[in-house]
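Written out below as structure tokens is the structure these notes cover.
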Amino acid sequence: RFIAKPCAINLGIQDSGPHRAQPNAILEKVFTSITKSPDGKRLEGLSKQLDWDVRKIQRWFRHRRNQDKPTTLTKFCESMWRFTFYLSIFFYGIRFLWTAPWFWDTRQCWYNYPFQPLTSRLYYYYILELAFYWSLMFSQFTDIKRKDFLIMFVHHLATIGLITFSYMNNMVRVGTLVLCLHDASDCPLEAAKLANYAKYQRLCDAFFMLFGVVFIVTRLGIYPFWILNTTLFESWELIGPYPSWWLFNGLLVTLQVLHIIWSYLIIRTASKALVRGKVSKDDRSDVESSSEEEDVTSNSTKGIFSTSSNGSNRLNGHVAGGQWTGE
């Protein structure tokens, strides 16, 4: 409100929402009670009932759906908040872990386990991360529903479960490694979304490519060969199997499966960007395309209704201006 919004206004981002649908009690009742995307048969029935052209009714539902979506200014402020958090918590984690012995030797995560001291810096690091992911869990139901909604829901559940479970079992040393590793790729992603909302296309593309490289290196390289190696093999060797070992590693492996899915989507988006010359849309997000021509077209048959949907963020974000975004 006091930092992100003035920054957005200085960058020329207007606090103006999409074109609002004209008031209509019948269509509003259908929209709120029955369906937000009526099929052809229902459209024909509404056309006869209202004596409206089918395209006009399609356009009304289009505008009504977009009417509930947040403005670019709102999305910019949200992304700036997330960027600030991820950047701050990442540098906090790096500064804290740089002097930690288990950062350089993962076997230190299991020496003298479970009798390992919980320092105040480690405690606050855990609590901040847990609070943030709980906020993402709740806000996911109020944000725009994207195609990766279920994947993100599973991701948040697994993350919260891992943070809570590792804290309760005093596996905080390896937990800090997992948290710091995941925060590394979130910073360039949010930076790319900020550049996208501000219409700095080249900067957006550069940050997205940086995000893709960092994501794949950390999630498909460092995570399985560094984190999973110590939780699956080194822990088994040093402290042996224990009942919670299976649950803990099961959650970590679940995250790895999600990493593979997201990496595929990122690579596909990057491939499209190389072909088209710019990052078009994040394959993890839903958007309804809109053109200026349609917004100003009259109710005649010249109006064209089109819906495009591409299957990240959000990691939690939205597509704006026909360009990509996502978590």
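Cβ atoms here come from the backbone N, Cα and C positions, even for glycine.
Here the structure is a predicted model, which means the values were calculated and not measured.
Looking just at the DNA-binding region (29-72), the mean pLDDT is 81. Look at TrEMBL and you will find 29-72 tagged as DNA-binding region.
Residues annotated as compositional bias 'Polar residues' in TrEMBL: 301-315.
As annotated by TrEMBL, domain 'Homeobox' applies to 27-71.
Annotation source TrEMBL lists domain 'TLC' at 74-275.
Summarising the annotation, TrEMBL assigns region 'Disordered' to 283-327.
If you look up TrEMBL, you'll see 83-103 (among others) marked as transmembrane segment. Distant neighbours of the transmembrane segment (83-103): 109, 121-122, 125, 128-129, 132, 173-174, 176-177, 179-180, 183-184, 186-187, 190-191, 194; these residues of the same chain sit at least 6 beyond its ends, with a Cβ under 8 Å from one of its Cβ atoms.
The transmembrane segment annotation in TrEMBL covers 123-142 (among others).
The transmembrane segment annotation in TrEMBL covers 207-226 (among others).
For 246-267 (among others), the entry in TrEMBL reads transmembrane segment.
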